Number of protein chains: 2
Amino acid sequence: MVSVQASRSIPKATDAQKLELLSKVKCFIFDCDGVIWLGDKVIDGVPETLDMLRSMGKKCFFVTNNSTKSRAGYMSKFRSLGLNVSAEEIYSSSYAAAAYLESINFKKKVYVIGEVGIQEELDMKGIRHLGGPGDADKRVTLKSGEFMEHDPEVGAVVVGFDRNINYYKIQYATLCIRENPGCMFIATNRDAVTHLTDAQEWAGNGSMVGAIVGSTKREPTVVGKPSGFMLENISASLGLKPDQICMVGDRLDTDIMFGKNGGLTTSLVLSGVTTEEVLNHPDNKVIPDFVLPALPDLLTVKEKAMVAA
Amino acid sequence: MVSVQASRSIPKATDAQKLELLSKVKCFIFDCDGVIWLGDKVIDGVPETLDMLRSMGKKCFFVTNNSTKSRAGYMSKFRSLGLNVSAEEIYSSSYAAAAYLESINFKKKVYVIGEVGIQEELDMKGIRHLGGPGDADKRVTLKSGEFMEHDPEVGAVVVGFDRNINYYKIQYATLCIRENPGCMFIATNRDAVTHLTDAQEWAGNGSMVGAIVGSTKREPTVVGKPSGFMLENISASLGLKPDQICMVGDRLDTDIMFGKNGGLTTSLVLSGVTTEEVLNHPDNKVIPDFVLPALPDLLTVKEKAMVAA
């Protein structure tokens, strides 16, 4: 017997619901691609929407799993698109790694697989580090009796996307994790693919992390999306309850799921990869609290919201 | 209440059991390190034992997960140790990869992550390939609009140990697996570490395979130990039942488990990493059919065995 499931329709937020969202939520966490911009173009109305939220006293964070740049480095991307944000509003996975180590009062050295973004964030926290771009051209000869020294003071290996990944780095990280007692294994994220260029999808940090999992048989602590650390770090620093924070994203299975897992309020925008058809499909089990055609749809209640605020 | 488990003792094979082993088994599969040699020294009596087995008409295979050399290339290692073996007796994981592709009548191209051993074995089977050492120095610039072409005729990616692993190879393999319909993902093995030099353990092919798992979210077909392909390939080529084949190894959790999973007769030798204490420990659940102090202990029944044969 074929079961025909009734079609459903999850409505877009009404003006009353938008006002409810703006009243309840004190902090917005934005996924960027598909929400703030599409490719290299800001979505129309986003700058005005961000201005409105800030003038209402809302905190804004822009989240990216890209670890190749620091928060400061990522600002140039925002500014080149005409978006005026501060470094403190950017929550890159490179920053998450440094913030995580700070949160546990880490005092040893870090071995870095990754690019300059991680190094810069560690420097900002005063955490000593080695590896990273400096090991890009190192080679292992594997001649008879070859022995690779490693620093016994390394207490954490941080693995982020690294276009110069090589066997030297893999072996160095493996030695630290296997041989230094208590050495941690931290991943900025495990994304399978990443959009390094608009032309195609590129193997992501899932590859660098997978290489170290494969030689250590250890699972990493992930600090970027979809881990809980970032949410705990934001809610603790602001003194907010989870549902006073809203995750805004264009992907059900990552952004919205991530928000729901953390007990956050969630808003799906239809300006990115998720269509209404996918949202309303009977197979979809991830239902956001609010649905907006695009982030700037909040501007329809701007006047009422500003009065209420 | 503390439960005290009675100690047990798994006895070493008696002469009668050795004769039973030599009567029943037609083919021996040897792990090498700890069985045939220790480091760079052949275990005393091994050459005479191999002579005895061959003169009784037994087939011998020497198994290694090392994929960096072909069977022909691996012969020099045996010969340098004074062991006279033929290329056909060596079962390297590089050969396993080529034999697997031949067994499924593969006609497309292979993209190789790995070293010359895999290339040589593919050449022996007439299988077209690209990648491997030729891509060792390739770099990805990731400038705006960068797009990496890949060959749509690639129908399998074979991943073996590669000291020149780089992002170019990772991305090329990822594109083939994700974008070429039906493209297979084959791993020579997933060993976490390998003994490339005697001085320390080195990150093994688990790293190269983990990198591709991480970007493709696909699990590989493994053709080396502890997969079943090698055993099926050997038993099919010789027309033997599994229990007529004996796996001889020094590791309970790899060699002996591997043999038992395939229904083989199993012999543990105590000349490698496994001690009697570990074998007899109550926590050990892997019980071999026969236990020998070392392979050459079979020589104690040489005269009786030769008469019976």
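Cβ from N, Cα, C; glycine included.
Unlike curated entries, TrEMBL annotations are predicted automatically.
The active site, nucleophile annotation in TrEMBL covers A:ASP31. As annotated by TrEMBL, active site, proton donor applies to A:ASP33. Here TrEMBL flags A:ASP31, A:ASP33, A:ASP250 as Mg(2+) binding site. TrEMBL lists A:LYS225 with the feature substrate binding site.
Shown here: features listed in TrEMBL, placed on the structure.
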residue	record	contacts (Cβ under 8 Å, 6+ apart)
A:ASP31	active site, nucleophile	A:VAL63, A:MET247, A:VAL248, A:GLY249, A:ASP250, A:ARG251, A:ASP255
A:ASP33	active site, proton donor	A:GLY39, A:HIS195, A:ASP250, A:GLY272
A:LYS225	substrate binding site	A:VAL63, A:ASN65, A:SER93, A:ASN189, A:THR254, A:ASP255, A:PHE258
**Message:** Other residues near the Mg(2+) site, CB within 8 A of the CB centroid of A:ASP31, A:ASP33, A:ASP250?
**Reply:** A:PHE30, A:CYS32, A:GLY34, A:VAL35, A:ILE36, A:GLY249, A:ARG251, A:ASP255, A:VAL269, A:GLY272, A:VAL273
**Complete:** Cβ density check for A:ASP250 (Mg(2+) binding site), other Cβ within 10 Å (all protein chains) comes to 23
**Message:** I want to verify one value. Collapsing DSSP to three states, which class is A:ASP33 (active site, proton donor)?
**Reply:** strand
**Message:** According to DSSP, does A:ASP250 (Mg(2+) binding site) sit in a helix, a strand, or coil?
**Reply:** coil
